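Peer 1: Next up is a structure, given as C-alpha cells.
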Amino acid sequence: MKITRSRCLILSFVLVCGLVPEVTADVEEATDGLSTTQEPIWLTDVPATVELIAAAEVAVIGFFQDLEIPIVSVFRSMARQFQDVSFGISNHSEVLTHYNVTSNSICLFRLVDDQQLHLNAEDIENLDAAKLSRFIHVNNLHWVTEYSPMIAAGLFNTMVQTHLLLMMKKTSPEYEESMRRYREAAKLFQGQILFVLVDSGKRENGKVMSYFKLKESQLPALAIYESVDDKWDTLPIAEVTVEKVRGFCEGFLKGLLQRDHEAEGDSGKEEL
C-alpha cells in the first residue's frame, strides 16, 4: 500500500496544528485549577529516588545544587498543576552524582518508552512557569494518553513511530472497562506502540476521525499509523478487548492491513 508523503504531513497538521487555540487553553485551564495539596517529594538518597521513578508512569525530578534560584519555586508549583505526574526534588550530592548531574537540571522520566528528557542549566536559565508547563504537557505520555493538540506534539517527538488511537466517547457506559483493557494491551507493546485515547464526544476531535475516514456510526474504532511513514489502518470494533487490540497491533507491525487504502485513493484526504 502506498499513500503519498503529503498525507503524512496532513496527519501531523491535523493532530498538532489543527487546534492551536486549544493549546493555550489547556495550559490556562490547568493553571487555573491548581491543587494546593501536592508537593514534590524531597529525595535524600539514591534508593528513594530510584523507587519514585520506577513506580511512576511519568516522573519529573528537579536536581538542584542551589535551592535559592527562582526556578525552584516554579518547579514546586508544577507538582500542584500535574496530578498525574510524580514530582521529586533533591540537592543531595549522592543523588546528583548517581544521575550524573553537574549543574541545576530538571529531568522527565517516562515509562511508556523508557525515555529521559533533560532541561539543563542553560535551559533552566530562561525557564518560566509557562515554558516548564508546556515541556511537561508535551512530554506527559502514559500507558494510555488522552489526545490533545499539545500531546500530539509530544507523540511526533518520540522515538516510538507507531501510534494507536482508540476513538470512543468518554461518556459511554463501556468507557471504564474499555480503558482498563486498552491499558492492559498497551503494556504488551512498551517501546513499540504508543496508545492514545481520542474522545469522540468532543466536536473538535472530528478532524482526527475524518482523517482516518471514520464515521460516527463506526465507533468505537481503532486507528493505527506510523509517524514517519505512509502506513495506517483502521478497525471499527463493537467491544474493546485485549485480544482484539493485540491482534490488530501485531498484524500492523507485520505489515498486514485491514483495509486497502490505495484502492480507496486520495478522495478522503483533507487539505487543511
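Glycine residues also receive a Cβ, built from the backbone N, Cα and C atoms like all the rest.
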Peer 1: Ranges 21-24, 177-180, 181-184, 269-272: which does Swiss-Prot label motif 'Prevents secretion from ER'?
Peer 2: 269-272
Peer 1: So which range, 34-37, 114-117, 230-233, gets flagged region 'PDIA3-binding site' in Swiss-Prot?
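Peer 2: Among 34-37, 114-117, 230-233, the range Swiss-Prot annotates as region 'PDIA3-binding site' is 230-233.
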Peer 1: What mean pLDDT score does the region 'PDIA3-binding site' (230-233) have in the model?
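Peer 2: A mean pLDDT of 89 is what the model gives the region 'PDIA3-binding site' (230-233).
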Peer 1: How big is the gap, in Å, between the Cα of Asn100 (N-linked glycosylation site) and that of Asn91 (N-linked glycosylation site), rounded to a whole number?
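Peer 2: It is 13 Å, counting Cα to Cα.
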Peer 1: Check each residue in the chain of Asn91 (N-linked glycosylation site) that is at least six apart in sequence and keep those whose C-beta is under 8 Å from its C-beta; list them in sequence order.
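Peer 2: Spatial neighbours, sequence-distant, of Asn91 (N-linked glycosylation site): Phe63, Phe64, Gln65, Asp66, Leu67.
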Peer 1: Report the DSSP secondary-structure composition of the domain 'Thioredoxin' (39-152) as helix, strand and coil residue counts.
Peer 2: 47 helix, 27 strand, 40 coil
